[in-house]
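Worksheet: the structure to be examined is printed underneath.
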Amino acid sequence: MQDQYILALDQGTTSSRAMLFDRQGNIVSIAQKEFEQIYPQPGWVEHDPQEIWSTQAGVAAEAVTRTGLNGTSIAAIGITNQRETTIVWDRETGQPVYNAIVWQDRRTADFCDSLKKQGLEAKVRAKTGLPIDSYFSATKIRWILDNVPGARDKARQGKLAFGTVDSWLVWNFTKHELHVTDVTNASRTMLFNIHTREWDSELLELLDIPRSMLPEVKASSEIYGHTKTTVFASKIPLAGIAGDQHAALFGQMCTTSGMVKNTYGTGCFLMMNTGDKPIESKNNLVTTIAWQIGDDVQYALEGSIFIAGAVVQWLRDGVGLIKTAAEIEALAASVPHTDGVYLVPAFAGLGAPHWNARARGSVFGVTRGTSAAHLARAALDAIAYQSLDVLAAMEADSGISIGELRVDGGASANDLLMQFQADLLGVDAVRPQITETTALGAAYLAGLAIGYWKNLDEVRDQWQLDRRFAPSMPKEQVEQRMAGWQRAVRAAKAWADDTQ
């Protein structure tokens with residue numbers, strides 16, 4: 001197996017990416033292609049499933065050929081993907097019956113409210129670890145069955161297949177032979193019992209979704225099958241699947257209970273490994289399966305923040321405060337603090353642990369002396385404050401004191417933000433050398449399945465530090481800042497509450 005590589009496919013919300021990794025976990029090649037976002041109505045977000053497939057197949061081939069390699073150089077393929085996004089297709093023709101309904105899509109919000117009014121939230125959470133929300137796949141499937149002509153009849157006849165993006169890619173890579181998913185993607189559908197690790201008959205009945213539509217659920221690291229497409233002439237093992245945040249947790253080597261990662265992207269996704277037992281959240285977090293390797297299943301607590309790096313994009317595109325996103329660090333660093341200014345970026349409501357859909361973006365504490373630099377600093381600080389809210393909820397739910405925070409994603413390159421995050425948290429923020437942790441996690445899962453890497457210890461040893469940010473702010477100062485933030489969040493919620 002000399003000079004073989006692992007190909008990681010990272011199918012994201014705005015682009016399809018492919019990366020080749022060598023035995024040391026280094027990136028050898030990378031290819032990326034963006035695709036169209038479709039907005040048919042306000043609050044609706046769709047993708048073309050055929051474009052998801054064509055862009056992903058295209059970058060897979062490009063990542064391999066641009067290094068002068070071919071399919072025989074690929075030891076295995078690992079897949080990681082945007083989660084919850086829902087595709088339903090005809091088993092006979094292989095054609096989607098409707099566009100992919102993306103995780104951000106809110107069209108089923110009213111239906112979710114009606115399920116909550118029936119008192120079903122506790123039951124759904126107990127079985128799936130998830131709240132009832134249009135974010136997850138179940139109500140999106142139901143919408144397609146109810147609204148696409150002929151879909152329900154075909155589904156009853158066993159002619160339709162449902163899959164999250166991983167299933168759709170495997171189906172196409174195997175020329176319509178394999179209809180599978182892994183436990184992490186299944187655990188985001190609101191149809192999967194995370195305790196029995198099976199599709200839940202009661203929930204399927206409740207939502208009137210035929211079981212015949214659903215993929216077979218597998219571990220996150222095993223040989224599912226081999227490629228049969230013209231993308232690669234050789235048959236390559238498809239050997240790893242995990243949803244993007246789960247793959248990032250694995251790529252960060254958060255493999256023991258209590259380890260936490262934060263991916264700083266457009267939003268923030270925080271995940272804590274809670275070991276082999278699911279913890280039901282009392283603090284508005286989501287309980288999910290982290291991954292499964294062999295018979296070993298790890299669980300996690302997760303909190304999502306809607307607006308993180310997006311607040312910087314807003315300052316650039318919406319307000320014109322900066323010309324490029326990279327400018328924000330220098331501008332924010334030109335003042336020692338925000339001078340009492342707080343920015344609550346609730347542009348789309350507040351995510352975990354607040355889950356307030358009606359809160360709106362607000363700026364507090366503005367005086368005549370407030371400058372562009374203060375606003376820039378308040379925007380960065382808001383990312384760290386929101387992350388701390390989620391981390392505090394994780395500590396409360398798990399009873400575990402966080403020892404360090406492993407960070408990745410685009411905004412983790414911002415040293416000022418990482419330092420403030422460490423200051424607030426009171427523990428080190430730790431940035432790895434390879435911040436492409438999502439793709440790396442998928443590569444590791446695939447490589448472990450075929451013996452490319454011997455065991456978990458071997459890949460754990462590859463994790464390398466780029467920089468460790470140690471807390472340096474006095475405790476009283478942290479408490480004072482946090483009190484101001486909490487006041488600002490309360491005010492942002494009150495603004496949206498028209499009963500006050």
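Placed from the backbone N, Cα and C atoms, the Cβ positions cover glycine too.
Sn-glycerol 3-phosphate binding, as stated in Swiss-Prot, involves Arg83, Glu84, Tyr135, Asp244; the candidate among Thr13, Thr324, Thr338 given for that site is Thr13. Each of the binding-site residues Thr14, Gln313, Asn414 was assessed for Cβ neighbours inside 10 Å, and the highest tally belongs to Asn414.
Cα of Ser15 (ATP binding site) to Cα of Asp244 (sn-glycerol 3-phosphate binding site): a distance of 13 Å. A helical conformation is recorded for Gln245 (glycerol binding site) in the three-state DSSP classification.
According to DSSP, Thr13 (ADP binding site) is assigned to coil rather than to any helix or strand. Each of Gln82, Thr85, Trp103, Arg188, Gly243 belongs to the same chain as Arg83, Glu84, Tyr135, Asp244, Gln245, is absent from that list, and has a C-beta within 8 angstroms of the C-beta centroid marking the glycerol site. Nearest in space to Gln245 (glycerol binding site), taking C-alpha to C-alpha distance over the binding-site residues Thr14, Arg83, Asn414, is Arg83.
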